[in-house]
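According to Swiss-Prot, the protein carries these features:
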type: BINDING; residues: Gly14, Ser15, Gly16, Lys17, Ser18, Thr19, Arg120; note: ATP binding site
type: BINDING; residues: Ser18; note: Mg(2+) binding site
type: BINDING; residues: Asp36, Arg60, Gly82, Arg147; note: substrate binding site
Amino acid sequence: MKHHSLIFLTGFSGSGKSTIGPLLANSLGFEFIDLDREIELAAGKSINRIFAEDGEAAFRELELRTLERIGSQKEMVVSLGGGVLENDRCFELIRRTGTLVYMKSSPEILSLRLQHKTDRPLLKGPNGEKLSREQVEQRISEILEKREPRYQKADLIIVTDSKKIGSTVEEMTRKIERHIRRVERDS
């Protein structure tokens, strides 16, 4: 069953999901959870360790099981991992159970936000070396091109490039509340 007050935040790493998510949840009076953190708690180890020790298939299965558990919740904001929508089963589950919000940012802004992060595999070369900002921006563009068709299927799209955090939270709160009211009225 679809719960329109179950809000899934998607977007590229650096789009603001983890920063804005808790503030948005507070503004809406909802609970906040980070999907990756929930997976780590369930597995008892970090996502990097899950990938290294168990492989991507095991991680994707944990991701799906965690989403299935979350899918029955209401009044919750869930920050999704960057690649979750690439998994067809996860994508369909999210679309079927909640409201998907795409936090859209340009490759230029994302590369600026991510340039000092050292824990992101996408920011490293094949031998673990740090990439230049231009290389990071190019890599982000390539990944976004692949993910964009799924991102565009979101119920709401919010551009997070040049806004202050507070105004982004206000805009998202307004749009989500309006969306929930409209969908509930039309049901």
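Note: Cβ is positioned from N, Cα and C throughout, glycine not excepted.
Locations of recorded Swiss-Prot features on the structure.
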| residue | record | contacts (Cβ under 8 Å, 6+ apart) |
| --- | --- | --- |
| Gly14 | ATP binding site | Ser105, Ile109, Leu110, Arg113, Leu114, Lys117 |
| Ser15 | ATP binding site | Met103, Lys104, Ser105, Leu110, Thr160 |
| Gly16 | ATP binding site | Met103, Ser105, Thr160, Ile165, Thr168 |
| Lys17 | ATP binding site | Leu9, Thr10, Gly11, Ser79, Leu80, Met103 |
| Ser18 | ATP binding site | Asp34, Ser79 |
| Thr19 | ATP binding site | Ile165 |
| Asp36 | substrate binding site | Ile47, Ser79, Gly81 |
| Arg60 | substrate binding site | Asn87, Cys90 |
| Gly82 | substrate binding site | Gly11, Phe12, Ser13, Arg147 |
Max pairwise CA distance, angstrom, over record-listed substrate binders Asp36, Arg60, Gly82, Arg147: 18
Neighbouring C-beta atoms (10 Å sphere around the C-beta of Arg147 (substrate binding site)): 18
